[in-house]
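The domain 'NOL9 N-terminal' annotation in TrEMBL covers 1-118. The annotation domain 'Clp1 P-loop' is assigned in TrEMBL to 177-347. What TrEMBL records for 367-468 is domain 'NOL9 C-terminal'.
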Amino acid sequence: MQKEQTLCFRGKCFLTCLYGRVEVMGFTIEEGQQSYPLFSPASHCPLTIRALESSDGTRDDKTEAASILQKYLSSASRKKLLKRITSNSSLILLEPMETPLTRFLSSFTELSELFSPPMSELISAVLDTPLNGLGMIPLVSTVEGLKTSKSYREALSTVVSACRGDMDGCAVILVCGTKNVGKSTFIRTLINTLLNHTTSVDYLEGDLGQTEFTPAGCLSLSTVREPLLGPPFTHQRTPEHMIYYAQSSCESDLDRYLESLKSLWRRRSQSRETPVIINTMGWVKGFGFQLLVDMIRFFPVSHVVQLCHSGTTQSYTHLIVQSEFQDVGRQGTAKHQRTNEHREQSLLAYLSQLQSPDPGPVRPLNSLTPYQVPHTAVALGVVHCEVVPSHMFYAANASLVGLCCLGEKITSRGGPVLLSQAPICPCVGFGVLRGIDMARGLYFLLTPVDPSILRKVNCLLLGAISLPSCVLTT
């Protein structure tokens, strides 16, 4: 690839930079670095690989490139390629990628074409290149992928400059905006850009409906050390600290929402100098506006990035970003692009951790061996609504539950322990309550959480986040 040349594509692959430098979603990948997984599904904006100018204009490009290519190409192919290489060229190795995540998602009929171009892009797809055999479908050069406005680029530059400068303490960047304006994409690009200059970025999740690293309904605090080169379902991970709010919206209990965020923030060492990004709900009017004000007052915010809306500058740097990507402000209507589908993809991605890492057929959840958990060992609670005790088991059976750790010891009188109100407590992961044996007093639980961590769990919380229907019907 020559300087500023781009490759916009659908599909998935591993990318290794053999020579030069390329950029993907704000992250610079250079020769000598590890391979990175790239995910460009139909559910989100297509990824673009862009070649960058060389950081060393004095190098002997022909000799170095020839040495690198010797491992990958025949003599004839090397000679042909070397004629086109200059000091500003970049050589990348693209390899096919198949993981337990992609195998699990593709096993569901409705997601089998997730990494293929949507109908609206078929006219732009290039279907006769060697890349097709890798699981990649290039799009014609007129397709831009992520289109960034001037204000978008200026906001990124301002925040990065602040993080690299001599700030008094760490930069705390709060990102807000209405739904469907590209807030999550901006945050991923910002994190990736910051990772070019720092080893890690702290991320406080405050958007219950469109979470970045966990299934929906979670508030969490994570330390990000690797670039995010795909949508949320491609990088599900266990945060350092997490609270299961158990709903995709906070309108029904604003106090619990704020107290949960404050609890997470207090768990972060105040001496850390790592930049912090705070994501917020896509709710900016009425109580949503007051919620933003309360958050800005509580957190030591240094910058507010507000997408598409103007406001009054306070004691922080206020950066307004005008999103310019296609269909800004509208929820996606094409296949895989609705917000509820994004939530389901993230949950399925989490459940894919139950699959074996070895290649082989996907095992349905009902074929996996569950843990047997005594009723007396854990408390059971319902977060999002009132359920009479006699109906609690009916509500929880065959449902998703948060695996939580109450501060106090569970005391049973020989039967199940049922909570009358939702606690604010740490969550270590999620499980599927596959069945309940009343005669033996057992819960049957499927979860990818490590057994050493699972021993600390003494509370199962049921919320409004339901299992995707495909899990129950396949």
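Including glycine, each Cβ sits where the backbone N, Cα and C put it.
Looking only at the domain 'NOL9 N-terminal' (1-118), the predicted model's pLDDT averages out at 92. Residue counts for the domain 'NOL9 C-terminal' (367-468) under DSSP, split into helix (H, G, I), strand (E, B) and coil, are 13 helix, 37 strand, 52 coil. Note: the domain 'NOL9 N-terminal' (1-118) comprises 27 helix, 37 strand, 54 coil (DSSP; helix = H, G, I, strand = E, B).
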